Each structure stands twice: as C-alpha cells, then as structure tokens.
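Q: Copied straight from TrEMBL:
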COMPBIAS  201-236  compositional bias 'Low complexity'
DOMAIN    29-158  domain 'Response regulatory'
MOD_RES   91  4-aspartylphosphate
REGION    201-249  region 'Disordered'
C-alpha cells in the first residue's frame with residue numbers, strides 16, 4: 001500500500017467519524033404509547049431530557065392512526081401523510097390493543113417493520129418478555145424506566161441507523177462499480193469486433209514468400225563453386241603423371 005493510499009484511507013475514516021458525530025447530534029423522533037397519563041408523562045420527560053422529539057399518545061389504535069396503518073381511519077380522514085419516527089416505545093398492557101398487538105401490526109407493515117419497537121411493563125414476566133422479543137421487539141423495559149435506559153436505547157438506535165446507512169451506501173457503490181465494469185467490458189468487446197486482426201498476418205506472409213527466391217538464387221553459386229573445385233582437382237590429377245615420367249637432365253646425359 002502506497003503512502004497516498006494510506007492517507008486516503010485515514011481521510012475516509014476521519015470523514016466517516018465526523019459523519020457519525022453529526023449523526024449523534026441529530027434529533028430522534030420517538031412515538032410513546034401508554035394509557036397511563038403519569039407513565040406517559042414520565043417517559044416523555046425522559047426522552048426530551050435525552051434530546052429526543054416526542055409524540056405521545058394514549059392507545060395503540062391512536063398510534064396506528066398516526067402511522068397511517070389504520071385502514072378505517074384512513075378512509076374517513078384525510079391526512080397529510082404518515083408520521084415518520086425513529087423509534088416506538090409502548091406499554092405492554094393497554095385496553096383495546098395491547099403493546100404486543102401493536103408490535104405485531106407494525107412488524108407486518110412493509111413501511112414500518114424496520115422501525116425499532118420497545119415494550120415497557122410494570123410486570124417482569126419472562127414468557128411475556130420472550131414472546132415480545134421473538135416477535136421482533138428491540139428491547140423490553142421494566143417500569144419504572146430510568147434515564148440510563150433511554151440514553152442506552154438512543155445510542156443503540158443511532159448506531160444501528162448509522163451502520164444501516166453506511167451499509168446501504170457501500171452496497172450502492174458496489175452495484176455502481178459492477179455496472180461500470182460490465183459497460184467497460186462490453187465496450188472492449190465492441191472495439192475488438194470493429195478492428196479485425198486477421199489482415200495483419202495476411203499482409204506479412206508475402207514477405208516470407210519474397211525472401212525465399214534469394215535462397216533459391218544462391219544455390220547456383222554454390223553449384224558453380226563445386227564444379228570449379230572438382231575441375232581443379234581433376235586438373236591436378238592429370239598433371240601429376242606428366243611430372244612423374246618427364247626425364248631429368250642427368251638422366252639424359254647418362255644415356256649419351
């Protein structure tokens with residue numbers, strides 16, 4: 001990894017951390033549901049101390065109406081749109097609709113199923129708690145709810161929401177990179193189809209064809225050279241007997 005890559009990586013981490021800090025400062029909108037006026041005021045107060053925006057209602061039916069999930073209410077009343085919230089916190093035991101039934105309605109909705117729902121109850125009943133958690137509740141708080149509980153929930157929701165956004169951003173970047181790679185491969189394939197490579201080899205072949213006669217022309221020279229050498233050899237063979245039988249001067253004088 002080069003120094004430039006390392007610098008870029010640290011810069012990205014710093015920017016991500018700053019975005020997370022900014023995300024922590026954003027105000028969460030919480031829908032609080034409790035039929036008890038006192039308990040509702042308590043949870044509303046704790047949420048506001050934790051810098052949360054609060055919408056408080058006294059029943060599960062009213063909560064569904066605000067969320068736009070009450071079909072009958074939507075038919076008779078014209079609303080400007082469903083309430084947008086980051087978290088729903090509801091009492092378990094309420095007349096008309098329990099917190100568990102409200103939880104199920106919310107988790108059945110395609111629009112709100114990802115919204116965290118926290119159940120509160122003055123009774124610490126384990127089967128009830130397990131049933132709510134299995135249905136998709138984010139947490140189960142035993143009353144009286146403490147400020148530390150609310151702050152813990154807030155930090156948890158902010159972190160999960162931030163991580164979800166980051167995951168979505170990375171998924172979008174990955175999809176975009178894959179799409180660009182496919183487009184680049186398609187463009188390269190089209191370019192290869194437009195510029196054929198076969199004529200190059202066709203043009204180069206005559207060169208080898210032309211060069212072959214030179215080797216053919218060189219063969220007579222070697223043939224002539226061979227004939228010359230043979231003739232020279234023959235000449236030397238003919239010449240040698242004449243030298244062998246030619247009398248010398250001493251031989252002639254001895255005969256007189």
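The backbone N, Cα and C atoms fix where each Cβ goes, and this holds for glycine too.
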Q: So how many other Cβ atoms are close to residue 91 (4-aspartylphosphate), meaning within 10 Å of its Cβ?
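A: Step by step: centre on the Cβ of residue 91 (4-aspartylphosphate), count other Cβ atoms within 10 Å, giving 24.
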Q: According to DSSP, which of helix, strand or coil covers residue 91 (4-aspartylphosphate)?
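A: The residue in question, residue 91 (4-aspartylphosphate), is strand (DSSP, three-state).
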